[in-house]
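For reference, the structure is listed below as structure tokens.
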């Protein structure tokens, strides 16, 4: 995979606008010098954070955030992290916007966008998973021929526009920004090296926006409507027993509202109980809304009866239920060999982790249009999309993607 400079770009933003304290930076800079990394580079920041995270040192999550004039931005993909795709699909991390970084260097862009390049795969995946806002950073403008070449930028913009359009994005609503994550051109302020660049501009039904640099493009993201009007769905991440309080399930409200007094049902176990109190960051809440990570105390239910992967809902309003089987659209990303009826992988859906059998592969479909291309195929392979009937080894709480997206997405491992 060609390195498009995601880490450097991300590192630069975190470094300049973000949550890394002075002490940590000085420590990193010193280490970089000792290791002969000479000039301290932004990707190094990210490498350090990733290494610490992979060793199981929980890093202060503030490190993965930075601020713009308008938003707190949380970086979900520490690029190259092996669980990225799984995390993206299971919605442990649902993004509001994707930033696609393509390398402008000679040959680099072509490799990334080639038939099996990762640029394509990531853009398609983002769209398929419902990340409908996109920004394109045309990176490494310092290494074009000649450096900071307008014609190279325009060539890439044209090519990327045409293929994101095929995927389903509207290029007119996508900001294309020529940048150098290494030197900082057009990252936080307009570059003097590209006088030809008059700025990016986007048009969408919610209005127009324009600007010069990447950080302004992030500021122009439209905040998504949080689904408070839908029925409550809260997948459990953990369940604790807390002395003097009792049983406390913990998870993120995906849709609807949770408040004290709600009579909740836990699916698929079908256990019903009253919510006594709701807490976030050690403070009592009168109501929790989508996006809130909360703990809530429930009456007369023991820790043993609940588990990660169960889903809490309101017993009186469209409650969740377990499914003995379900039909889903499956896209095969990277799987060696053929998959046929009877294949039983482990499925990750919201917080549930459970073996599921491909009971019947009903049809192959076109990944972009969803139109059927073959009925009852013998098998499917990497790159294929299919409609499959799945049977979980024990009941699983899934929902239609249309109604409850976070509970209608899954990854198969």
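Cβ coordinates come from backbone N, Cα and C, glycine included.
So that you can see what the record holds, here are the features copied from Swiss-Prot:
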- 1-228: domain 'tr-type G' (DOMAIN)
- 1-7, 77-81, 139-142: GTP binding site (BINDING)
- 287: 5-glutamyl glycerylphosphorylethanolamine (MOD_RES)
- 360: 5-glutamyl glycerylphosphorylethanolamine (MOD_RES)
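On the structure: features taken from Swiss-Prot.
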residue: 141; record: GTP binding site; Cβ contacts under 8 Å, 6 or more apart: 104, 147, 148, 149, 152, 153, 178, 179, 180, 185, 186, 193, 194
residue: 287; record: 5-glutamyl glycerylphosphorylethanolamine; Cβ contacts under 8 Å, 6 or more apart: 257, 258, 259, 278
residue: 360; record: 5-glutamyl glycerylphosphorylethanolamine; Cβ contacts under 8 Å, 6 or more apart: 341, 388, 389
Secondary-structure category, per DSSP, in which residue 139 (GTP binding site) falls: strand
Residue 139 (GTP binding site) CB neighbourhood, other CB atoms within 10 A: 30
Mapped DSSP class for residue 360 (5-glutamyl glycerylphosphorylethanolamine), helix or strand or coil: strand
PLDDT averaged over the residues of the domain 'tr-type G' (1-228): 78
